[in-house]
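**Student:** First, the structure itself, so that you have it in front of you.
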């Protein structure tokens, strides 16, 4: 894209001496996005405020080892299946599959894409491309899956994320990006004063272990109602475990999912996607996690806006949209974050 530059540098080496590369995408107005090979991760986003002051607006780390040790999924690509699969188990085409139970030994959470060093390249001097070949049986999933994630920054400060996958066997696929945002700046307190709007009338209720009940419920007269812009902190204490909500965004194709606004700085993000829903998470389980600039991240230090298919869809069909990818098919989804001043 015009007026966008990409620079490439080393971000360190893994324990097997494999080099991790960092790509810095820059455009006008001091806007900058940094990406790394490890986990196909958004390592940094820097944006000006209404007073022309630049701040880091994502949670993350300064070095590769912290990403290797990370348990918060800061900025990474998650998959094969984002969110939880109940008991780490599903049946598909007459076969039973037991996945790694990496969520307190009970359920499967997110997969291992965030813990892999992806191959990377620059395409057409405007897009950073990450590729990973997930072997048959990885994490317990069937099929060899060829995955591509592309990040494109436009001069209008839109970050376009394209997800692609093909498989050799039928397998569930549901990928997203897991960036934590704090529009006040990553070191500037909580996100409780941010305002959120989500273009959704319904959501999928969860049980005490964050597994969908299978019900589809209305947001009306609940603390989950963000159909109009509302302050996140106003009702957060009315919900067990705060916000960790899958919203159903009706429609097909690329469409508006909502927006996030921080009045004091003037920073804002709008979200568009082709996905089925939006997972809104308020960093409930952050607990003195040491991040970049030696900043400690605590509960509510950041929030995630994860465009994705429904949680545990592989065990809730046909009530939830399907997530099964079959040989000969192409998984293709897109999410766009537009960063601007309001």
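Cβ atoms are placed via backbone N, Cα and C, with glycine included.
Below are the features listed in TrEMBL for this protein:
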| type | residues | note |
| --- | --- | --- |
| ACT_SITE | 178 | active site, proton donor |
| ACT_SITE | 306 | active site, proton acceptor |
| BINDING | 83, 84, 178, 179, 180 | beta-D-galactose binding site |
**Student:** Looking only at Cβ atoms, how many others are within 10 Å of the one on residue 306 (active site, proton acceptor)?
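**Tutor:** The answer is 23.
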**Student:** Calculate the distance in Å between the alpha carbons (Cα) of residue 178 (active site, proton donor) and residue 306 (active site, proton acceptor), and round it to a whole number.
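**Tutor:** So the Cα of residue 306 (active site, proton acceptor) lies 6 Å away from that of residue 178 (active site, proton donor).
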**Student:** Sort out the sequence-distant neighbours of residue 83 (beta-D-galactose binding site) for me: same chain, 6+ apart, CB within less than 8 Å of its CB, listed by position.
**Tutor:** 109, 110, 174, 246, 279, 308, 311, 312
**Student:** Just name the most isolated of the binding-site residues 84, 179, going by other Cβ atoms within 10 Å of its Cβ.
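**Tutor:** Among the binding-site residues 84, 179, the lowest count of other Cβ atoms within 10 Å belongs to 84.
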**Student:** Find the longest CA to CA distance in the recorded beta-D-galactose-binding set 83, 84, 178, 179, 180; express it in Å as a whole number.
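**Tutor:** It comes out at 18 Å between the most distant Cα atoms.
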**Student:** For residue 180 (beta-D-galactose binding site), which residues of its chain lie six or more apart in sequence with Cβ-Cβ distance below 8 Å?
**Tutor:** 58, 59, 60, 72, 74, 75, 283, 297, 301, 302, 303, 304
**Student:** List the Cα distance (Å, whole number) between residue 179 (beta-D-galactose binding site) and the residue listed as 'active site, proton acceptor'.
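**Tutor:** Per the Cα atoms, residue 179 (beta-D-galactose binding site) and the residue listed as 'active site, proton acceptor' stand 8 Å apart.
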**Student:** Just to verify a number: CA distance, the residue listed as 'active site, proton acceptor' to residue 84 (beta-D-galactose binding site), in angstrom, no decimals.
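**Tutor:** That separation, Cα to Cα, works out to 14 Å.
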**Student:** If you count Cβ atoms within 10 Å of the Cβ of residue 178 (active site, proton donor), leaving out that atom itself, what do you get?
**Tutor:** 22
